[in-house]
Every structure is written in C-alpha cells, then in structure tokens.
Amino acid sequence: MRTLWIMAVLLVGVEGSLLEFGRMIKEETGKNPLFSYISYGCYCGWGGQGQPKDATDRCCFVHDCCYGKLWSCSPKTDIYFYYRKNGAIVCARGTWCEKQICECDKAAAICFRENLGTYKAEYESYGKSRCTEKSLKC
C-alpha cells in the first residue's frame with residue numbers, strides 16, 4: 001500500500017491533469033488506470049516509441065499526438081474541469097488550453113472503453129525497451 005501511495009504522489013507531480021484523466025478512465029472503463037494503463041504497450045504512460053501493440057495502445061499513441069498539437073499549452077501540468085451530462089463527458093470552464101487538454105483526455109478515455117474487448121493483460125507493464133520497431137509519426 002505504501003508503494004502505491006508513493007507511486008501516486010510521484011505521478012501527480014508528473015502530470016497535473018493526471019487525476020482528472022485517471023477519473024475519466026475509471027468512469028469509462030471500470031479499470032484502475034494506475035494498474036491498467038500507466039505502462040501498457042509502447043505508448044501508454046510516459047513517452048512512447050515503436051509501433052502500438054494493439055487498439056488500446058493506439059489510443060495512447062493518438063493521445064500523445066493530441067497533446068503534441070497543443071504546443072502552446074502545458075498538458076502535463078494544467079488542471080482542467082469536466083462533468084457529465086446524460087452520461088457524456090463535458091469539458092467545461094477554464095482556459096482554451098485546459099479545455100483542449102480535457103478533450104484529448106476525453107477522446108482517449110472513450111477510446112479505451114471502445115477497445116476493452118481487445119485489451120490484453122500481456123501488455124500491462126510492457127517495457128518500452130521492447131518497442132524497437134520504427135516509431136509512427138502523428
């Protein structure tokens with residue numbers, strides 16, 4: 001339990017919007033994002049390289065690309081606000097950047113939900129060093 005707490009504290013320091021993104025993932029998939037997505041495949045978690053291993057990993061690749069388009073924003077530190085209306089995620093309030101970061105996270109969380117059927121436990125904690133193929137471009 002202590003290790004989990006330390007890991008959570010470190011991750012919060014890495015990405016300010018991580019708590020919101022994690023909550024979105026949990027709400028959309030029912031999975032614990034810390035265990036299920038933090039180091040899934042070649043693109044989920046910090047950084048990415050090689051070829052996405054499956055549809056879930058491709059969600060992370062697209063999410064990385066989405067963040068990459070926000071070059072004038074700080075997607076790793078900006079905190080945003082969202083709520084649900086009739087079950088749908090609504091990105092609300094805040095700056096233009098915060099809303100765009102929220103939209104990137106929303107798209108990824110929905111993508112994870114839509115690809116739950118192809119999620120493979122073998123790609124959890126998949127070492128990025130195993131992702132040696134030529135990397136995709138956004």
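Keep in mind that glycine also has a Cβ here, set from the backbone N, Cα and C atoms.
Here Swiss-Prot flags 1-16 as signal peptide, drawing on experimental evidence. Feature annotation from Swiss-Prot assigns disulfide bond to Cys42-Cys131, Cys44-Cys60, Cys59-Cys111, Cys65-Cys138, Cys66-Cys104, Cys73-Cys97, Cys91-Cys102; the stated evidence is similarity to another entry. The Ca(2+) binding site feature in Swiss-Prot is assigned to Tyr43, Gly45, Gly47, Asp64. Summarising the annotation, Swiss-Prot assigns active site to His63, Asp105.
Neighbour list (Tyr43 (Ca(2+) binding site), Cβ cut-off 8 Å, at least 6 residues apart, same chain): Pro52, Asp57, Arg58, Cys60, Phe61, His63, Asp64.
All protein chains included, Gly47 (Ca(2+) binding site) registers 9 other Cβ atoms within 10 Å of its own Cβ. Separating the Cα atoms of Cys65 (disulfide bond) and Cys104 (disulfide bond) is a whole-number distance of 9 Å. Residue with the densest Cβ environment among the disulfide-bonded residues Cys97, Cys102, Cys111, Cys138: Cys102, by other Cβ atoms within 10 Å. Taking the Cβ of Gly45 (Ca(2+) binding site) as centre and 10 Å as the limit, one finds 17 other Cβ atoms among all the protein chains shown. The Cβ of Cys59 (disulfide bond) lies under 8 Å from the Cβ of Cys44, Ala108, Cys111, Phe112, Asn115, each on the same chain and at least six residues away in sequence. Looking only at Cα atoms, Gly45 (Ca(2+) binding site) sits nearest to Asp105 among the recorded positions Cys73, Cys91, Cys97, Asp105, Cys138. Taking the Cα atom of each, Cys73 (disulfide bond) and Cys138 (disulfide bond) are about 18 angstrom apart. Between the CA atoms of Cys138 (disulfide bond) and Cys66 (disulfide bond) there is a gap of 9 Å. Here the candidates are the disulfide-bonded residues Cys91, Cys102, Cys131, and by Cα distance the one nearest Cys66 (disulfide bond) turns out to be Cys102. Here the disulfide-bonded residues are Cys42, Cys44, Cys66, Cys104, and the one whose Cβ sees the fewest other Cβ atoms within 10 Å is Cys66.
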